[in-house]
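Database features, via TrEMBL:
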- B:Asp41, B:Ser55, B:Asp86: Mg(2+) 4 binding site (BINDING)
- B:Asp41, B:Asp86, B:Asp221: Mg(2+) 3 binding site (BINDING)
- B:Thr56, B:Asp57, B:Asp134: Mg(2+) 1 binding site (BINDING)
- B:Asp57, B:Asp86: Mg(2+) 2 binding site (BINDING)
- B:His64, B:Glu274, B:Trp321: substrate binding site (BINDING)
- B:Gly133, B:Asp134, B:Arg159, B:Ser223: ATP binding site (BINDING)
- B:Asp224: Mg(2+) 5 binding site (BINDING)
- B:39-150: domain 'PurM-like N-terminal' (DOMAIN)
- B:163-254: domain 'PurM-like C-terminal' (DOMAIN)
There are 2 protein chains.
Amino acid sequence: MRPDTPGEQETVADLGEFGVIGRLTAGRAHPAATLLGPGDDAAVVSAADGRVVASTDVLVEGVHFRFDWSDPEHVGHKAVAVNLADVAAMGAVPTGVLVGIACPPTTRASVLDRITAGMWQEANRAKVGVVGGDMTSAPTVVISVTALGELRGRDPVTRSGARPGDVVAIAGRLGWSAAGLAVLKRGFRSPVNVVAAHRAPEPPYAAGPQAADAGATAMVDVSDGLLADLGHVATASGVSVDVRTDLVEVHQRLLDVASALGGDPRGWVLTGGEDHALAATFPGPQAVPDGWRVVGTVGRPAASGPAVTVDGAPYAGPAGWQHWR
Amino acid sequence: MRPDTPGEQETVADLGEFGVIGRLTAGRAHPAATLLGPGDDAAVVSAADGRVVASTDVLVEGVHFRFDWSDPEHVGHKAVAVNLADVAAMGAVPTGVLVGIACPPTTRASVLDRITAGMWQEANRAKVGVVGGDMTSAPTVVISVTALGELRGRDPVTRSGARPGDVVAIAGRLGWSAAGLAVLKRGFRSPVNVVAAHRAPEPPYAAGPQAADAGATAMVDVSDGLLADLGHVATASGVSVDVRTDLVEVHQRLLDVASALGGDPRGWVLTGGEDHALAATFPGPQAVPDGWRVVGTVGRPAASGPAVTVDGAPYAGPAGWQHWR
């Protein structure tokens, strides 16, 4: 674990469970969606139309983040962002997050303060509060976040509604997190905005409900990589998806990183995970709302079944991130 | 980790993340509250009156459970039960649970199957489904559960509404989990029902909404121990609570265990955690519903502030479970 503020030697064991929870929840302002915040057995959150959207993800030190590559603030930010992106990918508006943190008793209290500062920062960007949580001890730092959202009368946009003739479009960045990871793996800390994209992704939350309002037929959070996540849409919808490389932007910054360090910038864009862009299908180009970029089309499934192709052919590179493999 | 079914050697690494998730969610029947179950970016669950109650807890191998003391089914059961009890303690009716499981890649797939079988069993007892989840790798088994519930027009029953003159009442068992732990610590496996109470508590979920309907002024899930959790009510409400030992039942089974192994059966009842009984305050004995047992009274705070006493005096034993201490 990285060094903390000098003089701040207090550990979570010194403070005790309730002391830590008190530090993490005290004095925070909550938006209107928080009907009852932290401090009781459970929180109460708005679910305006009688339905709640909920998603949970677990991040593990050494698997999803490293404290020598990311500050505690980034870790907290990312844990919240990846879950809120899942809620947005249903077409829902975020309403709150619940947080579980397990960490060694020797963890400095200031590290937890910084993790939760990052959580609150990203929660505030999504206009929600950290409404509840749990703290406990574990050999490694493990962070679980559950994000809640409300549909406000919209139908949820699932992965299974894509139809032949639809177009595929993207909101948010692709490839930046993979480029940032490549930089960190080589021991560098810059370009700063590429590294920041890996440490603390900023998913385009508002693009989720926007796509739902525009008639998106399917939507997914790009967490495993564009091709892998479009593969989930293809399978769930029983269609094939073709991505056209002439439509997929590879930002100059990624080209610069690739030329400095080596690496395949188009591969980062097509298969790099953790950017938490949104990918959606729309009934035609005219339905694609502002801020979304068309990158491909939906067709009938291949004879062998649903598939994702690039420029009409199978993609030769690695398919995307899977745990345990 | 304990031995598994012979011949079942497949690990989670062999199956891969999506293979594991498929095994855990396939073919399960969901109740009506599950509007959209596992398999998409997020689940959609009923929140009938426009509010959702949500609570999250993290359980860690070696801290909250041991596979030499509990079967994987018990671990899954307990992880779900402790969270649903929190939802019930607000006066809410459970509507669903989300589950995050982090485990070593070498974990046998059959162990995960058994953990989730226990989760589903207890979820079914509460008439809810496992609506979403996440699987990832970690050095130790860490299970996070988020429980959701709906109030159906009731006001949430918080910890802060107890008033002098109220009575304190209990629904569910107290001391059984602590007695079961004492048995396991001595290397025994019986009495079976005492050990089962530790491995797989069965909180009285329906008693939560029942207490809310009866006008409970405050309510809490007894997870840290009766005196510790009444302490949370006393602090939040600005009152004192007196527990009367002549009203606190010490079951004959606990007396038997204590006389066989040594141990303080009344201490188990007053300070043993993890039974997940519900404790609530009511405006008077006549308001206490069937199945609840009066165990004490609420008074004005002491000169030194809110406090919990036993038979009018400070309790001399240990106060209850705190992590990291």
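In case you wondered, yes, glycine gets a Cβ from its N, Cα and C as well.
Just so you know, TrEMBL annotations are computer predictions that nobody has curated.
Location within the structure of each feature annotated in TrEMBL.
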residue: B:Asp41; record: Mg(2+) 4 binding site; DSSP (3 states): coil
residue: B:Ser55; record: Mg(2+) 4 binding site; DSSP (3 states): strand
residue: B:His64; record: substrate binding site; DSSP (3 states): coil
residue: B:Asp86; record: Mg(2+) 4 binding site; DSSP (3 states): helix
residue: B:Asp134; record: Mg(2+) 1 binding site; DSSP (3 states): strand
residue: B:Asp221; record: Mg(2+) 3 binding site; DSSP (3 states): strand
residue: B:Glu274; record: substrate binding site; DSSP (3 states): coil
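Nearest Cα neighbour of B:Asp134 (Mg(2+) 1 binding site) among the listed binding-site residues (B:Asp41, B:His64, B:Arg159, B:Glu274): B:Asp41. Between the CA atoms of the residue listed as 'Mg(2+) 5 binding site' and B:Glu274 (substrate binding site) there is a gap of 6 Å. According to DSSP, B:Arg159 (ATP binding site) is assigned to coil rather than to any helix or strand. In this entry, B:Asp41, B:Asp57, B:Asp134 stand out among the binding-site residues B:Asp41, B:Asp57, B:Asp134, B:Ser223, B:Asp224, B:Glu274 as having a C-beta under 8 A from a C-beta of chain A. When other Cβ atoms within 10 Å of the Cβ of B:Asp41 (Mg(2+) 4 binding site) are tallied across all protein chains shown, the result is 28.
Across the structure, B:Asp57 (Mg(2+) 1 binding site) and B:Ser223 (ATP binding site) place their CA atoms 11 angstrom apart. Mean model confidence for the domain 'PurM-like C-terminal' (B:163-254) is a pLDDT of 95.
Counting other CB atoms no more than 10 Å from each candidate's CB, the binding-site residues B:Ser55, B:Thr56, B:Ser223 peak at B:Ser55. In this structure, of the binding-site residues B:Asp134, B:Glu274, the smallest number of CB atoms within 10 A of the CB marks B:Glu274. Local packing around the Cβ, expressed as the count of other Cβ atoms within 10 angstroms, is greatest for B:Asp86 among the binding-site residues B:Asp57, B:Asp86, B:Asp221, B:Asp224. Geometry remark: B:Thr56 (Mg(2+) 1 binding site) versus B:Asp86 (Mg(2+) 4 binding site), CA distance 9 Å.
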